[in-house]
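For reference, the structure discussed in these notes is given below.
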Amino acid sequence: MAIVSSENRTCADEKLLALYQSWSYIASIVFNCLVPTISTYFLGRAIFQLCNQATIQYSTRILLIATILFAACHQVSYFAFKIDLLHTMFFKLDQPCFLQRSSYDCRFISIAQTTGVVGMALTGLAMSTDRALALTFPADYHKLKSVPRVVLSVFVFIVSFSTWFLLTMNDPLTGYLNHCGFYPSYSVANFQLMLDVILYLAIFNLIWDVILFYYARQQILWRRSYQFQKRYEARISLNCTQAVFVISICQCISNGANSGLMRLLMMIGTSITSVTYSSLLSLFYTAPYSCILLPILMMRISEYIREQRTIGILSLRSEKPGLEEHHQRMRAAWS
């Protein structure tokens, strides 16, 4: 049985001490520290590019930047607890009964980690909601200007930051953990529920994004206009929906995989050793790798949209739709 947390301080067994002294495990922890370090560069570049990207609608850019900030929050907490674990492995192995950390000592890392994970999941839903409002009520959405994005961003921030406090409301934080990467001892069941909710949310968001993308494609035909400005706005709206679609799909897959694998690990934790549990944790916890791929994906999509914008402008300028062609496109849209 894996003892990764306990109500009282417990001494590390010989197998766990051997794991902490293993150079292969030390190398894996060092690699884990490099991942958030490298991701910081890409996260910064992605924010800079989004701030200077005029082809993506402003509300969408705000939510994309919020996603990056939540990813950065997660990476900082992940780096902190890995560094703390390295410190334990190098300097505290001569005190096997004092290797564990209290849930109270780990609270700041746990808060940041939970905020980052929940925030990334909710911003995906917020982006889809923003796109749904923009596609369904374009005139009203334009009049509201910054209201939708402000409301969605504030909602996501409040829920993400308060999640940890709600889950640990009845936890005195007096339990002990092998390291700060584990959930508080008395709140494990609540965090399991959180992982389940994130998994179901990812599945729901995936289905919703597919519907939104199909609807955006159809809108190009439904709202075909002879005016260049309206056709251009329709193209921009579709491009933003494409960006949100691709990013949300990747987020849904990564959030679903991370939540599902972590939930599985917590289920089988009672039948495996602490050494096996610690080894599987580094493999199953995929959120850090998602955080390094997310900004790279955003930058690639931003470049793609910029190219499509140029192609779209050239094609719209050369487009001379006739009345019969307009009717044919409308009939095709409704068929």
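Keep in mind that glycine also has a Cβ here, set from the backbone N, Cα and C atoms.
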| field | Topological domain name match (Swiss-Prot): GLN53 vs ARG217, membrane | value | yes
| said: Ranking 23-43, 62-82, 108-128, 150-170, 193-213 by the number of C-beta pairs under 8 Å to the transmembrane segment (279-299), which range is first? | reply: 23-43
| task | Count the residues of the topological domain 'Cytoplasmic' (44-61) that DSSP assigns to helix (H, G, I), to strand (E, B) and to coil, and report the three numbers in that order. | result | 12 helix, 0 strand, 6 coil
| request: State the residues, same chain only, that lie 6 or more residues beyond the ends of the topological domain 'Extracellular' (256-278) and have a CB under 8 A from a CB inside it; answer 'none' if no residue qualifies. | output: 1-4, 13, 15-16, 18-19, 25, 117, 178, 188, 192, 195-196, 198-199, 202-203, 206, 284-287, 290
| the topological domain 'Extracellular' (171-192), counted residue by residue under DSSP: helix, strand, coil | 8 helix, 2 strand, 12 coil
